[in-house]
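Here is the structure we will look at, set down as structure tokens.
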């Protein structure tokens, strides 16, 4: 498979993982390693910034994994910039998953504040990966603002409903000049494969793995599905017929004559 490149860094894995909702840090770490991921995002609000030996960080930081702090919980661009600067100081990284969702019930991203924050953070030297609505116009504006990727949602966070925004994702992928990472709503390995078959650069999964009966096995399933979907995309999927008339793969016409 082709390597994924974000801000000049190469990734072999196209499966990114979130770290919420696991029943223990040990299970979380096992799932991370089983998935083969090289990008793990963690909410700053879950980390004790004053404790360099925070137990959770011990289970996340590995040599081949890019830590991606996120700003989940902030309500506007001003709070996002403040949180980003704290993250850079605490973790020593310019990488940032930008999340601004002021409504705590649906956790839908605020498009206006997300674009505003992206513009400011890029100027401050951050590598910005914004979580956003599956809005083709917005995604293009974020790209023009200097975002390293766009991360449009497939469905609301934690719903496991799959690619409810599929048609919009197709447009976003088609017109993007930067990687497109489908984030939120991916609830089954088949959803991840579908996103990759569309041409998404990567997928970010959290809830579906964390709340599974066996998170480690589910991480392995998502790893396989993500790879399969990407391989299918690179191989070139056959066109779907626009009707239900069958076409034999091995015609017998000449044989019967």
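Cβ atoms are placed via backbone N, Cα and C, with glycine included.
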For the 1-deoxy-D-xylulose 5-phosphate site that Swiss-Prot describes with 184, 185, 206, 207, which of these is also annotated: 158, 236, 238?
158
Could you state, as a whole number of Å, the largest distance between Cα atoms of any two of 158, 184, 185, 206, 207, the listed 1-deoxy-D-xylulose 5-phosphate binders?
9
Could you check the binding-site residues 158, 185 and say which one's CB has the fewest neighbouring CB atoms inside 10 Å?
158
Please report how many Å separate the Cα atom of residue 185 (1-deoxy-D-xylulose 5-phosphate binding site) from that of residue 97 (active site, schiff-base intermediate with DXP), as a whole number.
17
At the Cα level, what's the spacing in Å between residue 158 (1-deoxy-D-xylulose 5-phosphate binding site) and residue 97 (active site, schiff-base intermediate with DXP), rounded?
17
